[in-house]
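Note sheet for the following structure.
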Amino acid sequence: MSKTIKKIAVLTSGGDSPGMNAAIRSVVRTCAYHQIECVGIYRGYQGMIEGDFIPMGPRTVHNIINKGGTILKSARSKEFMTSEGRKKAYDQLQKAGVEGFVVIGGDGSFTGAEIFNKEFQFPVMGIPGTIDNDIFGTSHTLGYDTALNTVIDCIDKIRDTASSHNRLFFVEVMGRDAGHIALNAGIGGGAEEILIPEEELGLERLLESLKKSKASGKSSSIVVIAEGDKIGKNVFELKDYVEANLPEYEIRVSVLGHMQRGGAPSCYDRVLASRLGVKAVECLLEGKSNFMVGMLNDKVTITPLLQAIKGESEIDRELLRVAEIMSV
Ligand code: ATP
């Protein structure tokens, strides 16, 4: 492995997700393994602009593999979206002797890295970190598996009370533009219906389906709704609409919200983070740059950042059919 790069920085940017700490740990330890220096950048690109750096070694990342959130903090930086801001960031990296960086974040963070790479020919790599799983070039983003498990845990608990009171529950989960969480947690949690941004279910079909389920002898049901479902009504408006049309139902709404972003990462996310961190650093050491590392068919892969940003991460349509069959 050629070792032209002597110092790599790591930062977390955009929304946090479980597994980011495990990825930081992996980047830091892979640097140590290859005997190159590593610095952490606090608060994403804003910290880069301000030179908010900290030297990191294998012992500075002990006891974090199991922690949610990010020890480096995350931020959104408007200043980095300007060429003046990025020049300041470049100057800070130069001053600190940093020769490449690994950014853990979503497509916005990758866009920033891609532009930065073009402007300064600066080596960059991306690790996908977002619970929404909405990034092209990887079957799983960091935090997605943990978020699914969190949602399933909540749905199981809601089911206990739903069945005790013969109630219908609308459970809203995260996913403004992507229905991965709703679809998979919906199937895993045994939901009656699943509403996602990618698919127009329609209000009439929802009513029909709920009527059918009542007629088939179900006394309680759970409907999982992604934040950005296609019907366009928020979950409370949807409740009012269904109650007005199906008065036999007593509906409760549960919005899971930010709890889906927290918690200890699942084993899957920890292993994923460890594998992706190794690959990101080793790519930089091999002279590769401007790629996102990801996981496809359980193999670590690399995808050009631009493709990862522009590509669509589509839902698996077979899951829609499975969901329909399961709610018979
Ligand atoms: P999430 O999935 O949580 O939204 P994200 O990485 O997509 O994560 P963003 O807020 O979109 O989150 O982007 C994070 C940061 O990346 C921004 O605050 C900004 O600093 C930088 N960034 C985003 N888009 C651009 C851009 N077009 N040019 C330069 N920098 C950008």
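The backbone N, Cα and C atoms fix where each Cβ goes, glycine too.
Summary of the site annotation: TrEMBL records ATP binding at ARG76, SER77, GLY106, ASP107, GLY108, SER109. Screening the candidates GLY15, GLY19, GLY40 against this entry identifies GLY15 as the one listed for that site. Annotated ADP-binding residues in TrEMBL are ARG25, SER26, VAL27, VAL28, ARG29, GLY190, ALA191, GLU192, LYS218, SER219, SER220, and among ARG43, ARG159, ARG176, ARG252 the one listed with them is ARG159.
For the substrate site that TrEMBL gives as THR130, ILE131, ASP132, ARG167, MET174, GLY175, ARG176, ARG252, HIS258, MET259, GLN260, ARG261, the extra residue drawn from GLU99, GLU204, GLU227 is GLU227. A C-beta separation below 8 Å, combined with a sequence spacing of at least six in one chain, links GLY190 (ADP binding site) to ILE155, ARG159, ILE222, MET326. The average pLDDT computed for the domain 'Phosphofructokinase' (7-284) is 94.
Of all Cα pairs drawn from GLY15, ARG76, SER77, GLY106, ASP107, GLY108, SER109, which the record names as binding ATP, the longest spans 14 Å. What surrounds the ATP site, by Cβ distance within 8 Å of the Cβ centroid and not counting GLY15, ARG76, SER77, GLY106, ASP107, GLY108, SER109, is the set SER13, GLY14, GLY44, GLY105, GLY112 from the same chain.
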